[in-house]
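Trainee: Please read through the structure below; I'll follow up with questions.
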């Protein structure tokens, strides 16, 4: 895994730029904004040669400033789905026509009878995420991520979903190691890697912030135009999970977390920075945040005066300023993006989600487990 200071990528690479659209908050506050915005702004493939490789662009759907979604296609002929590219899970799944959950009725469902390359299995599985859970069946079909094509790819079709109400994504595309796959199916990245479809076993994320466009997930290499400075490689704690060792977490020179070092997972599927409840509570006290419902709120003017919170990873400081860890909700009130992580282990465990990754370009190197 590599973290660094912001901005690009180059040879033998399939790159999927994800264009940012207005946040739900700004859509709701806009005048005469059509309800069927997504239908009126259709996804279009763009095939552009880029130093010997294909450059494929996908529009990003940004909901509440926290979700980054790209479009993949499944089946023959292809059917389009909006998915979250998630480094904390390993399974790909989308809703099936047999899913009668209220969530499924608002999402695109895969019509397997319309695909000539569809193949069914008798394997079932379930996944529990931080925001919901699903149950599904393992099937096979052709999956496309831009110009990358995986034929006879195993993936999941959900038959029941819980807790995903209000989420605009149809499904999830996991990019973690295969050993944590709940379906026990080979993840699409591993299948593409094993078949030589990508030149290097790496992928990378550039996540734009505010109203900037250009968010991108890259497969097969790194476009170095997306960052400044050097790539700071961080070894994984162990192969099989995108978790790294954090030296300490500080604010104004004082240690506020990871006093003896801790573990943090780099998670593109999480919108928050999550940690142990007692430490998150302490951070909220230090920045003067007060609870209201499930969120902690601060005065919006505090963004200009609150200090940065610094994560030191492999000897390198990664400041997270207040403008990054405080967001506005659709009512115009400001809340923090620190959240308690409920885990059954006693160790100091953190999740570095999109709040962190909007600041630092990230590269995930499966070939070197870093």
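Each residue, glycine too, has its Cβ placed from N, Cα and C.
From a predicted model like this one, the values you see are computed outputs, not experimental measurements.
Below are the features I grabbed from TrEMBL:
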type	residues	note
ACT_SITE	86	active site
ACT_SITE	267	active site
DISULFID	99-104	disulfide bond
DISULFID	258-262	disulfide bond
DOMAIN	68-370	domain 'Peptidase A1'
Trainee: If you count the C-beta atoms lying within 10 Å of each candidate's C-beta, which of the active-site residues 86, 267 ends up with the smallest number?
Mentor: 86
Trainee: With an 8 Å cut-off on Cβ-Cβ distance and a minimum sequence separation of at least 6, pull the same-chain contacts of residue 99 (disulfide bond), or say none.
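Mentor: The answer is 109, 157, 158, 159, 160, 161.
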Trainee: Taking only the recorded positions 86, 104, 267, which one has a CA atom nearest to the CA atom of residue 258 (disulfide bond)?
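Mentor: Closest candidate to residue 258 (disulfide bond), judged by Cα separation, is 267.
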Trainee: Roughly how many Å lie between the Cα atoms of residue 104 (disulfide bond) and residue 86 (active site), rounded to a whole value?
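Mentor: Their Cα atoms are separated by 20 Å.
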Trainee: Under 8 Å between C-beta atoms and at least six apart in sequence, can you list the same-chain neighbours of residue 262 (disulfide bond), or say none if there are none?
Mentor: 245, 246, 249, 347, 348, 349, 350
Trainee: Take every residue in the domain 'Peptidase A1' (68-370), average their pLDDT values, and give the whole-number result.
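Mentor: Looking only at the domain 'Peptidase A1' (68-370), pLDDT averages out to 92.
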Trainee: How big is the gap, in Å, between the Cα of residue 86 (active site) and that of residue 267 (active site), rounded to a whole number?
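Mentor: Computed Cα spacing between residue 86 (active site) and residue 267 (active site) is 7 Å.
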